[in-house]
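Novice: Below you will find the structure I want to go over with you.
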Amino acid sequence: MAASGSGMAQKTWELANNMQEAQSIDEIYKYDKKQQQEILAAKPWTKDHHYFKYCKISALALLKMVMHARSGGNLEVMGLMLGKVDGETMIIMDSFALPVEGTETRVNAQAAAYEYMAAYIENAKQVGRLENAIGWYHSHPGYGCWLSGIDVSTQMLNQQFQEPFVAVVIDPTRTISAGKVNLGAFRTYPKGYKPPDEGPSEYQTIPLNKIEDFGVHCKQYYALEVSYFKSSLDRKLLELLWNKYWVNTLSSSSLLTNADYTTGQVFDLSEKLEQSEAQLGRGSFMLGLETHDRKSEDKLAKATRDSCKTTIEAIHGLMSQVIKDKLFNQINVA
């Protein structure tokens, strides 16, 4: 019974995150030093600022990053990723946490973190992990996956001196709320570069107090298409992890775990609606009503989408609780 429940929980998680199994463990883990040196010497990303289009993350690297992000609670955490490059794809093989000071809005790396980083990479090479640092990750607890002004500056600096490099952002709070990993991978454009107009990106809820920071810098970077993979070794390790932790799925509730997050979402939504109402009220006394109305209606439409998202997540959490109650608390004894 426990084994079947564990297997079902693992398959559900893998399907939700579109986890793909690598055809051969040697194929994905083989490190060709000569090939990597040739890529570094050619530097194709300098000729095309949109060169890297894909980001592949191993299942265990993903779990390590998400667990680290979740352990930080409402504080941001930071770590480094090891990997390699394969054409237009950046492959993240492993990750490790950094000893940094975190706040609710930023992470600050001190000298000790840089020393730890250098020592970790050196020791990893001694045990046969030849991959180099390929990026950094940090968390945005409760406010989505995007790059703030500080993140953009940090990533620009990394791309200037440590190419190839990618920035990954994880939202552990929304991951629990939605039941699917909320993660984004990004690369910045060089200073002064004006990117071509692109189609609308996937919509995500941005808190009112973060909208300005998001809007000012959103054209300075682009998102990579993220996918996840697992090898046969990953599969065995994941099975061991699921055998230990799958019961948490039944014993926990997103309604209780994320109660503060849901309350914050409702409060943020009320502020957005009040702001839109005030702008619509002023619009009747202004000239050029069409442009003003369109902006106000756009804000109302976004507030509606945010409301629907919060409602759906709450309903899913409630449905999960009802199903568990029916299964375990209302068994009719014949």
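Each residue, glycine too, has its Cβ placed from N, Cα and C.
Sharing the record's features from Swiss-Prot:
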type	residues	note
MOD_RES	ALA2	N-acetylalanine
DOMAIN	55-192	domain 'MPN'
MOTIF	138-151	motif 'JAMM motif'
BINDING	HIS138, HIS140, ASP151	Zn(2+) binding site
Novice: Counting only residues 6+ away from its ends, which parts of the chain sit with a Cβ under 8 Å from the motif 'JAMM motif' (138-151)?
Specialist: 68-69, 72-79, 104-107, 167-174, 182-184, 186, 188, 204-207, 210, 213-214, 216-218, 220-221, 261, 264
Novice: With the cut-off set at 10 Å between Cβ atoms, which of these binding-site residues ends up with the most neighbours? Options: HIS138, HIS140.
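Specialist: Selected residue: HIS138.
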Novice: Counting each residue once, how many in the domain 'MPN' (55-192) are helix, strand and coil under DSSP?
Specialist: 49 helix, 45 strand, 44 coil
Novice: What is the total of other Cβ atoms whose distance to the Cβ of ASP151 (Zn(2+) binding site) is within 10 Å?
Specialist: 23
Novice: In this predicted model, what is the average pLDDT of the domain 'MPN' (55-192)?
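Specialist: Across the domain 'MPN' (55-192), the average pLDDT comes out at 84.
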